[in-house]
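K.L.:
Next up is a structure, given as structure tokens.
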Amino acid sequence: MTPEEIAFEEATKASITLDQRLNLGTFILATATDTFLCGVMIIQSIEYWTYSKDDRKFNKASVLITTMSSLGATIFIIVLMFKLFVYNFGQYTPFAAIPDLTYMCIFDIIPSTATQLFFTYRAYKLIGRSKILALVIISMILVSVAGAIGFPITQEIYHRNQSDAVLQSKIALTYCWLSGALGADVLITISIMWGLWRSKTGWKETDKTVKRLIRVMVETQLPPTILLIVFFVFVFGFPDYYLDIYPLWVQSKFYTCGLLASLNSRYSLRRAIANGSSSGRIQSKAPVVHVLTETCVQSDGQQGTSTKNQPKPRYLNESDHFSPRRQPAKDPLDLDDDSIELDVIPTLDDHAQRLQQGTTDVEAEGDRDSSHKMDYMDNSSRTGLTDRRK
């Protein structure tokens, strides 16, 4: 080794051993988390392709891009770990010399951009097709992409030249990369939340659906946003440590798993609405026992009471409120072409019509019973039990 290489090895060793357990432990923890989330992503992907064979092409393309790039990131991390801890074991120079660490941002920017564009389109439709909102979010995404692509290039140039100008450019590109992605995520989350909250109608079932969608958005959008904030703090708050490796390596899985969770939640939402359960589980019903009874009543010639002049019932039961209801819109997130709709609720006229039809059926049944009883009374009993004694 040349004196320059020896000096660089000592400098890197001093940086790593500043807190060796924290720095090296970050690599192990990041790899374990990424591998675990990769398994979750595979399960979510299987579920998506099982139930979404007829999904729109845009959704399929987004899922394909994010899953393939995230899977590539996992393979890249495994190869990098072998290079750092197996093939170059005992050497500290690879932790600072090889540009492979910085190339992870390319694997991160692909799924994050695809996911952000996916939700940008949903926010655009939910806010009333606001072109200004879409342009602002897309501008932030482009700034993030430019910073992510330019960062590894300037990092490699800096390792060769050690120029202050290149260092400032690298810092500026890092700011662009993280701030652009963070701004886009925050704006998308706020826009969708506000649009969903504004879509409340005051009706119980519709508002329950909207609340479920808001909960889904919180569960899928907040984790990558919080991770970006942590990433930003680690990069600029703790530059002497390798803490930024953790968010850098798991970022792609956070976006991909969030996207797949949003798409797969459509089925649980439909099941929850169909079964009346907020958790999407099928509610068990008590067994119904049917008892057949026969009652013979002599007809005295009275006809059934007509319901034409009767006042219309106010409620079918305590939970049915009859008033003009707006038809719930399609899925506010427009995640697919199918709509998440409530069951059709009968109106007063429909109920009165059913009552009138039921009364007619009762009258016809009464006539049949009357003729049957008269036939029974006019003929002698077959058993002789009801014959009059002479």
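Sequential numbering from 1, following the chain as shown.
Placed from the backbone N, Cα and C atoms, the Cβ positions cover glycine too.
Relevant sequence annotations retrieved from TrEMBL are reproduced here:
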COMPBIAS  297-310  compositional bias 'Polar residues'
COMPBIAS  315-333  compositional bias 'Basic and acidic residues'
COMPBIAS  365-376  compositional bias 'Basic and acidic residues'
DOMAIN    182-267  domain 'DUF6534'
REGION    297-337  region 'Disordered'
REGION    351-390  region 'Disordered'
TRANSMEM  27-51  transmembrane segment
TRANSMEM  63-89  transmembrane segment
TRANSMEM  132-151  transmembrane segment
TRANSMEM  171-197  transmembrane segment
TRANSMEM  218-239  transmembrane segment
K.L.:
Can you tell me which parts of the same chain pack against the transmembrane segment (63-89), counting only residues 6+ beyond its ends and a CB-CB cutoff under 8 A?
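P.N.:
Same-chain contacts beyond the flanks: 27, 30-31, 34-35, 38, 41, 45, 48, 95, 98, 100-101, 103-104, 107-108, 110-111, 114-115, 249, 252-253, 255-256, 259-260, 263.
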K.L.:
Can you count helix, strand and coil residues in the domain 'DUF6534' (182-267) using DSSP?
P.N.:
74 helix, 0 strand, 12 coil
K.L.:
Can you tell me the mean pLDDT for the domain 'DUF6534' (182-267)?
P.N.:
92
